[in-house]
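Below is one structure, written out as structure tokens, with a few remarks after it.
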Number of protein chains: 2
Amino acid sequence: MMPQFLSTRDAGFEEAFRVLLAQKREDSPDVDAAVAAIIADVRERGDAALVELTERFDRVRLTPETLRISDDEIERLCAQVPEAEREALGLAAERIRAYHARQMPRDESFTDSLGATLGWRWTPVSAAGLYVPGGLAAYPSSVLMNAVPAKVAGVKRLVVTVPTPDGVANPLVLLACRVAGVDEVFRIGGAQAIAALAYGTGAVRPVDKITGPGNAYVAAAKRRVFGKVGIDMIAGPSEILVIADRDNDPDWIALDLLSQAEHDESAQALLVTDDEGFGRAVAEAVGRRLETLPRRAIAGASWRDFGAVVTVRSLDEAAEIADRIAAEHLELLVGDPEALASRISHAGAMFLGPWTPEAIGDYIGGPNHVLPTARTARFSSGLSVMDFLKRTTVSRMTPAALAALGPHAETLAKAERLEAHGMSVRARLDRING
Amino acid sequence: MMPQFLSTRDAGFEEAFRVLLAQKREDSPDVDAAVAAIIADVRERGDAALVELTERFDRVRLTPETLRISDDEIERLCAQVPEAEREALGLAAERIRAYHARQMPRDESFTDSLGATLGWRWTPVSAAGLYVPGGLAAYPSSVLMNAVPAKVAGVKRLVVTVPTPDGVANPLVLLACRVAGVDEVFRIGGAQAIAALAYGTGAVRPVDKITGPGNAYVAAAKRRVFGKVGIDMIAGPSEILVIADRDNDPDWIALDLLSQAEHDESAQALLVTDDEGFGRAVAEAVGRRLETLPRRAIAGASWRDFGAVVTVRSLDEAAEIADRIAAEHLELLVGDPEALASRISHAGAMFLGPWTPEAIGDYIGGPNHVLPTARTARFSSGLSVMDFLKRTTVSRMTPAALAALGPHAETLAKAERLEAHGMSVRARLDRING
């Protein structure tokens, strides 16, 4: 099972690389009409709709009182988590907290030469909702990556919704909620959970911002409630780009590529190297490792359909290629990874040197693992405390500052034919001038 | 022509206030199908589509060569701008630049106790497009408010599109482009301009991010190209909330309210005061000033349909009301405006004291005038340099750091059934452990 091999030396490279970049990896089923109906139902009937939809989709019979998972129940389920997982989760939360605490922006206030005082203040979103998928794709690490930054930002009320198909809750997900300081947990999912978070029901009070991953229904629901509440990015399939020279163990690179490929058949794992033989060796190592992998069907399909090995003439060329790909995850396994990193602008997260497999960043490094996909790292960033903060600008003029600036504001207001704007300044200038 | 009067003392206040908050002020015509067709046409036919659509909508015959406004033509048109406007625009640009330069975030890199080096780097978007409306609503101030932050952020290629209906360009808009350092100006507008910026044509190279205001077609086109490129917020009608005590000149407050009302029949001007008589006096002053206003039809309709005077028992109550409204513009004209400001979390921009009419912020204060509307200040912020920057996180582990963290990452990977993730860590741990 071999991926695509490209070389910048080939005459057809530019064309082939453009096709690779433009490749559509995801079929988004059109679920918008179904989602619109679900949202309308939740807005109209509230808890009754949540109870009914949860029975239909998750095969769980609830009442408005049992939509929320009680603290006792969370306690009981958390007690099932093995000690090693408990310890790992605690350490991960602590490291994510320490990293994100450094992201907190500062307020600013300064007085300029005219005496005008200007600045801004950051304040947290009052209430945030975090969607957590249920079932197999329930990732406790994602709970930490969303919830910890929200709490670091100062969000007072943090609500999780997580579906419990057939009534089965994931203890490690609930422990992650507890460790991260989540305030309320509801056992609901799908578009109905997003509707409840955005508009509120009897049991669920509305929030101001919704983050977290989800399937096509959840994504469509987030798009629909955007504006009423804030949302985070809508993430596509995961990607990794590894830039590696020949001084690496092909087996390590193979495993790094497979750790993205195993996420999803639509995931993409790319290798860029300046040594064609090394590229072949990595591809062979991928083949060997694939055989042993529990998720080999998924990882194999991803590698076959979307994987690629690109041979470049130089690391300068590798940097150019990397900027054009703008990968979600970028590993740099070269002699001087810092130097190469400084020549690349577009990537969600960079992992430098042979001892930094991307999986460390997924769990425990400290930086966020919610990152821009599908080349959107050209213009967007991973999740951070900024997603849970907003900035209010503050201005205060003195009579002297207004006397200096007011006439120019009046000139521009007149030029834009906004007379009342000019008059609101002029009335004050007349008082100042006597 | 009187607005709505409310008082928190009234039995029906809560209900009436909820209605006020939920009021829909904007009819967005459904232009999505038309916009989809225009975008498809531009993607397929490029410059030929731009030329044809511009002739149809703007009554201007262009060629692929004249889509761009040449530097000579810009020069010639800029020379028509009167000296007073030139001076005002220059001062505004300088103040906006100085304010936004303070927003530039810092890179971070630190080494933790395990020896792991973590941090992040900010880099600018490579190319940005700024949509500027044409005709009467052509606001040179908006050009500065979008273009200056982009250039402060370090955007290398900044492209403006501005329609020139009947071939008429606005010299002050072009001067604003020049003053702000815009690199290319195209005389195209509507959904076709957004399509050209997002996908590129022969004459227009694509950009990575599009900002700027526009009509329903432009807004729909921005929504459609989002994902392919980044976009800023989709702004709704303008709003102002003034909190004023009786120690103010009712005429000044009236003019401040009217300076929002004159923007648009859907704009909203609200007064909150702790003195009912003062509220009445302001409403009367609005009536008097309206008669003299060139835009009295627009301002009058806005004030009649969406204006309100709310009497509160105390400034504490005013702060609560302000947070529920989450206004785009918030003026605080009370004895201690800083104290009141510190009790309010949700607002796009605050203007403190009697000498800071909001119009100063529209033009020349320094802070941005592109601000969150329609209660979205609960979760979003005004335009800033951050809109033109993105953050890449950076991690580098040492063997010692990986030895300490790796086993926990492996534990969590196994718990999430992502075996290759665990194996990519394990292969390295085995090497470290010998």
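Count begins at 1; order follows the chain as displayed.
A Cβ is built for glycine as well, from the same backbone N, Cα and C atoms used for every other residue.
According to TrEMBL, the residue from A:H329, A:H346 that belongs to the substrate site alongside A:S238, A:Q260, A:H263, A:D362, A:E416, A:H421 is A:H329.
Within 10 Å of the C-beta of A:E416 (substrate binding site) we count 21 further C-beta atoms, all protein chains included. The NAD(+) site in the record is lined by A:Y131, A:Q192, A:N215, and its two most distant CA atoms lie 13 Å apart.
In sequence order, A:P133, A:T161, A:P163, A:G189, A:G190, A:A191, A:A193, A:I194, A:G214, A:Y217, A:V218, A:A221 are the residues of the same chain, not among A:Y131, A:Q192, A:N215, whose CB sits within 8 A of the CB centroid for the NAD(+) site. The binding-site residues under consideration are A:Q192, A:N215, A:S238, A:Q260. Their Cβ neighbour counts within 10 Å are lowest for A:N215. DSSP gives A:H329 (substrate binding site) a strand state. Here the Cα atom of A:E328 (active site, proton acceptor) is found 29 Å from that of A:Q192 (NAD(+) binding site). A strand conformation is recorded for A:Y131 (NAD(+) binding site) in the three-state DSSP classification. Comparing C-alpha positions, A:N215 (NAD(+) binding site) sits nearest to A:S238 among the binding-site residues A:S238, A:H329, A:D362, A:E416, A:H421.
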